[in-house]
Structures are given as structure tokens and as C-alpha cells.
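Only one structure is covered here, and it is reproduced in the block below.
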Amino acid sequence: MEQEKRVFSIDVAGRPLVIETGELAKQANGAALVRYGDTVVLSTATASREAKDVDFFPLTVNYEERLYAVGKIPGGFIKREGRPSEKAILASRLIDRPIRPLFAEGFRNEVQVVSMVMSVDQDCSPEVAALIGSSVALTISDIPFEGPIAGVIVGRIDGQFVINPTVEQMEKSDMHLIVAGTKDAINMVEAGADEVPEEVMLEAIMFGHEEVKRLIAFQEEIAAQVGKEKMEVVLYEPDPELEAEIRQLAEADIKKAVQVPEKLARDAAIEDVKAGVIAKYEAEEADEEKLKQVQEILHKLVKEEVRRLITVEKIRPDGRKVDEIRPLSSAVGILPRTHGSGLFTRGQTQVLSVCTLGALGDVQILDGLDLEESKRFMHHYNFPPFSVGETGPMRGPGRREIGHGALGERALEPVVPSEREFPYTIRLVSEVLESNGSTSQASICASTLAMMDAGVPIKAPVAGIAMGLVKNEDHYTILTDIQGIEDHLGDMDFKVAGTRKGVTALQMDIKIKGLTRDILEEALQQARKGRLEILDHMMQTLSEPRKELSKYAPKILIMHINPDKIREVIGPSGKQINKIIDETGVKIDIEQDGTIFISSVDEEANQKAKQIIEDIVREVEVGQVYLGKVKRIEKFGAFVELFNGKDGLVHISELAEERIGKVEDIVSIGDEILVKVTEIDKQGRVNLSRKAVLREQRGAGELPKETREKRGRRPERHRMKP
């Protein structure tokens, strides 16, 4: 049946949000063109007709940036978009997280959601448009999606919450909060904040959810008019008789295995139970399909037992109380040649973070859809396979590593000193050495210690903690400092980072359909208690940033020049500035206001470069005496270089007190002589006098400090006769 174009509109934060269906991408299961202000995003949803032979839900979410959306042509030889940018990867994760919980357990059809950003209005977030567009595409399609969902950005200006703030408003806001959810509950939170109290964050989340409800009602109206009938799918379920058989066979052993306190020993005990059961069925020559069901049933039994222990008996796999943090240890300065290092260990999770300081020219250059062009504070997170005792390929960072790195960066950025206070580029690298849950939060703690060890004057130390949730019907248990098995088998991973004063970052992922205000409030308060405990421990290791930088860190010298002189320092095609860099070995960064940052590990090199720049921008002053070098000789006088690039003429009559016949009788090229500036004419030409200096010094009883072979007349030169 031919689809007709339909247009739906609603006002969001004073700007029209328009949804168009039925015209573009009609072969997808569902498609929606979202116009928010001048931002345009095409979102599509497509699903396979048959279930895939996998033991998970194969959902893929892609957020595709197109540089034509902001009128740019990609750089490089190829001149087309390549791998996704870091921001595109984070946006893909942002859309994936609220959508994924809203598919039925056992649904194994492959689903792909693609959002293409086609036009960007910086005041209207393309990520929000893509999130809403993805929900609309799924909701109006025949894919069995249990939505819709919606999301908004919440800012706070002068104590007032603002929905989807503009770029100008965002600069004044002390938080950047993204809230997504269904009409009944919140199922995704992502935030960066400037030490905002927990109770304010909670109110902001609930404020955002009210707008989410309005947007969901809008989507329900669209679905009622253009939505397709949902396809019938067969949800995967293991054989009930086989499940009862395996439960009888393995349940008692699984109950013992999951309560082994140490991670590796517990994993081994669980695997031994599973291996024994699988061996029994292999001996009976069970087919591949049956063995696959055996694996899934065993996993289900482990999950049920862990959840039962936590919710009913209030017992965690490692024996801790629900609000108890694992044993902590930390150290700083363990890598002697780095600028700063911090090691943070929490139970069997261990992260080593290293801080490197660089010149302002070391900033990361961004080529994306945002107005931002560079980044001077970076946090990178690496997760090698040995951290979980496994082998594996050592590739570049994946979506998870990029997401965890960005979360740490967002948590630490509010306490990083400004460029004026600390004119360095700062790069943090967090190496996960052991993993048993909460590595992203351990990286925040280790990075705080590394910056303090490096002497970065942070405003306050930051710590992070991951909260968990296990919910059965109306009963729930919130867990502090979740470990791997609790994250894997629980319902929530709620990461909270901040200082003693307040929250700097939040990230909430859940596997159930949503959370209520009460659960969020309890989780935030329990997280604060844990965060303060971790901060107390960290302060015992290093209570404040070191007063001095590492001797291996670059030293930065700041000077100011007249902005009109910048072109003289740079020179044609950068010739002058490159010459200074080659001569001294320093790095030089120049700002438009005339501020110059000179950086080098060698302080003497900084001073040398500064002197050269001062000479370049120095102005010749009438009446001043200079020690200059003779550069050129003419019949009428000598041209003398006063300092770098500045010269003047000493007329023959001004070279000596007595009358002379030739310039060469007094000076030669390369001589250093004292001269006085007598005049700068209308054309900018500088007139000099050596005679005036001689008179002044003779009157004072001093000899001129000149580098010459003789003073006064030179002997006549002998020439060979022809």
C-alpha cells in the first residue's frame, strides 16, 4: 500500500518540532524525518523477518554525522566521512540505552536503527532529534517495540531549570543533563554538572521527565494515525521440561558456587558446575540445539540465584553488605619519568592513570558538527584483555572504551583549572589492569590522583562509584560499588561521580523498563555516602596537588606583545617563528590578543626564545643608545642593525668627531658600535649617530664599549701595482 506523507508538529522549548512520515526511506520498517528548528535528522528502523541463531538481542544503533550538515567538506585526500567521530559513537550509545530495555526478553530478530544528521542548527540538539526520531521510527513500524520513549536536555541557569537550552544558555548553565524514559518511568540519564547537589540533580531529572511525558503523548498520536500493525514473532524460550530437569540436577551446586567470595574462584566454581551438566548431555549425544538450550538454562539459574540472594537474603556474592565498599588502596608517583601517576584499587578492580602536560599547541583539533574546534583536556580509557584474565586482540578503542573515557572526562572537567590559571594541555590515560566491575569509576579516582601528583591545581578531588539495583516485582535492593557479576545479572548500572560539594557526572543504564523517583533518590543518597568514603581514603594518599610540576614536565613562560606585532613574530609563511623554534627547541603558541605561551623542559631555552621575540617586537626609541652591528657599508655611511630586524643609517659625518674621508676608515662589516637614535623620519627611516655617543662618553670620562680592531683612523690599505 502506498504511503502518504504526513506532517505532525509540537512546540518544544519555544521551537517547533516537526515529524514527517510516509515520504522518505519507505522501504524501511519505519522512518521519520525530524525537523527541530533548522536541525534535520532522518531516523529509520529495520528488522529481520526471522530470528537470529544467537543468545542475545542483536540490536545495532548508528548515529551518522554528515559534514554537509554544517556546510563543511571533510579533510584529507579522500574528502568523505570515514569512521564515526567520538561524538557520533557517544550519540549512538545515548540512543541505544533507552531503547534496548523496551524489547521483549527472548526477541532475537536483528534490529538496526539508523539516524542520519542532515542539517544542524546549533541551538537545536541533533542528538535529541535523533533520539526522538528513532523512537518514532520504531513506534510506527511493525517491529514489536514496547515504546515510545523520548528524551530532552535539562540545563539550570540562576537556579531555574531550562528544557533544551540554546548554545548561549548552555554557557550559563551549571549542568548538562539528558533524561530519557517512557511515560511511566525514567530509563536513561546522562549528565555533566558543576558540583551540583544530589537533591538538585533529582529535581532536574523529574523536571525533564515531565517534558518527556508530553513528547510521548505526541508520539502516541502519530502512531495512532500512521502506525503499522506489529509483526508476530516467536520469542525464544527453552524447553520447560529440560529446564525442570536441569534445575533438579544443578540448582543446589549453583547456589554454593555463586557464594564463593573471590571472583576467579567463583567463576571457576560456576564453570565447573556448568561443565558437569553439559558433559552429561554430551554423553547422551544431545544435538547442538539442545546443548545451546542447556547453556542458556544454566545461565538463567545462576542469574536467578544471584538475584534471590540479594533481594531476599540481602547477601551479595562476595559477602558484603548492600552498602559496603570493597577494600581500597591507592598510590601516586609510581612512574618516575611521567608527569604524574595514580594507582587506584577497589577490590579486584585496579586502574593506573597517567597525567601528561603539554603546550597549548598540543590541544586536540576537532572536525565535527559542533562549534567547538579544539579540546585541551582529554581522558582516554584502555581495557586490555588481561585485565579479566583472558586473551584477545589488542585493537583500537571500541564503543565501550570511548564511552568510559568520555564519562571520566565529563566527571573531571569541572575541577580542571582554566587555561588562564594553568596554561597547559592535559591528557589523562587510564589503563585498566584488573577488572571486576566499576572500572570507569576507578579511572576517575586514579585520574584525580594522577593530576594531583602532576601538580595540576584542581579545584577539588573527584571520586566515582557505581550503584546497582536488583528489582523483583515491588521489592528492590540498591547496591553500593557493584562488581562484575552484579552488573551483569542486575537491573541497573548507575554511575555517580563528584566532589564533596556535589555531582560532576551521572550515567544510568538499566535493563528494566524504568525507575521511579524513590529509587533514584535512594540511589543518589547511597552513592553520596560511598563517594565521601572513597574521597576520605584518597586524601590519605595525597591531600592536595603538589606545589611544583615534575622536572620532566614542560615549563611555560607567558609574555604579552602588541597584537599588531604578531605578524612580525610569525614572519612570512611562518619563517620567523619556525626559526625561533629551530634555534631554541621550544614550542610557541600565540593568541589573537598578543599573549604568547613559550614552553620547553629547559627554562633557559624559554628565556632565549623570549629575548628573541622581545627583540623582534621592540620599538626603536629616539634618544636611546644601542649597541649595534654594522651590516652594510655605503659611500655615504654605514647601516647598523640595532636588534633583530631593526636597523638605521649612521651618516659618514656622524661616525666620528673628526672629519673622515671614507666610512671604512672607522668601521668594517661585523663591527659592533654604540650609536644613538637621533631621528625617525616620516617614512620610518632611523637616523643614528656614533659621534653623539662619543661626545657623551668623553664628557663622562668613559670609553665606548665597542668591538673593533682599532679606534680612530685606520692605516691605508696597500694595493698591488698592475
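Any Cβ shown, glycine's included, is placed from N, Cα and C.
Source: prediction; values computed, not measured.
According to Swiss-Prot, the features are:
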type	residues	note
BINDING	ASP487, ASP493	Mg(2+) binding site
DOMAIN	554-613	domain 'KH'
DOMAIN	623-691	domain 'S1 motif'
COMPBIAS	697-709	compositional bias 'Basic and acidic residues'
REGION	697-722	region 'Disordered'
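In three-state terms derived from DSSP, ASP487 (Mg(2+) binding site) belongs to a helical segment. Residue counts for the domain 'KH' (554-613) under DSSP, helix first, then strand, then coil, are 32 helix, 16 strand, 12 coil. Note on ASP493 (Mg(2+) binding site): other Cβ atoms within 10 Å of its Cβ, all shown chains, come to 21. Assigned with DSSP, the residues of the domain 'S1 motif' (623-691) fall into helix, strand and coil as follows: 7 helix, 36 strand, 26 coil.
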